[in-house]
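As recorded in Swiss-Prot:
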- Glu12: active site, proton acceptor (ACT_SITE)
- Asp198: active site, proton donor (ACT_SITE)
- Gly78, Met153, Met174, Glu175: substrate binding site (BINDING)
Amino acid sequence: MKIAIIGAMEEEVTILRDKIEEREETVIANCEFSTGRLNGADVILLKSGIGKVNAAMSTAILLERFRPDYVINTGSAGGFLSTLNVGDVVISNEVVHHDVDVTAFGYEYGQVPGMPARYKADETLVKIAEQNAKQIKDIQVVTGLIATGDSFMNDPARVEFVRSKFPELCAAEMEAAAIAQVCTQFAVPFVIIRALSDIAGKESNVSFEQFLDTAAKHSADLVLSIVSSLQK
């Protein structure tokens, strides 16, 4: 069994990379792949780069070249639920694009033509994530909808627009739906794990810079426990 872990930025992958044993590095199309053993499992860690195009391209390379059995996306996000705080963690049950609009042709808002309106995370991976989340102290962990777009959510008007389209939205970020779409095309199970570095629209650029490392650690800690559970 091989487990792939994807993070967009150095801050989101460095904790995991440092723990990989027998590590080998490969660069393909400027995407950084690290293979080896993590908590007893065979893993491929990918630093994808930021944004949907980078995420889709690198995920396609990952799935075609390395053939993982599972994909876990880790990293930071902006929170949308009023009950969530910086550092809290969101586990995806579904993922959607928040910047796709082909409603003029009868599609749902966020739906890419020919694709499902939302991408469903693997139920087994979600359950494993939820079980391991029970061991986490001092932060909230919720399961829900994550939305993706090629913009950082610091514009209050944009935040309110996205919230109006997806009232149940838990978090927004810049890669997950692209990763989910590619995994769906390849029929590879996935789950998204995101810790909040900011609350969307509330001085989010300042919060992001201040709390990115904390968010990355919280997300990585849960990913490590998921990897261990999958290996059992």
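Keep in mind that glycine also has a Cβ here, set from the backbone N, Cα and C atoms.
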Which of Glu12, Glu175, Asp198, the listed recorded positions, has fewest other Cβ atoms within 10 Å: Asp198
Position of peak Cβ density within 10 Å, selected from the binding-site residues Met153, Met174: Met153
Whole-number Å value for how far Glu12 (active site, proton acceptor) lies from Met153 (substrate binding site) (Cα to Cα): 19
Near-site residues: substrate, ref Gly78, Met153, Met174, Glu175, CB cutoff 8 A to centroid: Ala77, Thr148, Gly149, Ser151, Phe152, Ala172, Glu173
Distance, Asp198 (active site, proton donor) to Gly78 (substrate binding site) (CA atoms, angstrom): 5
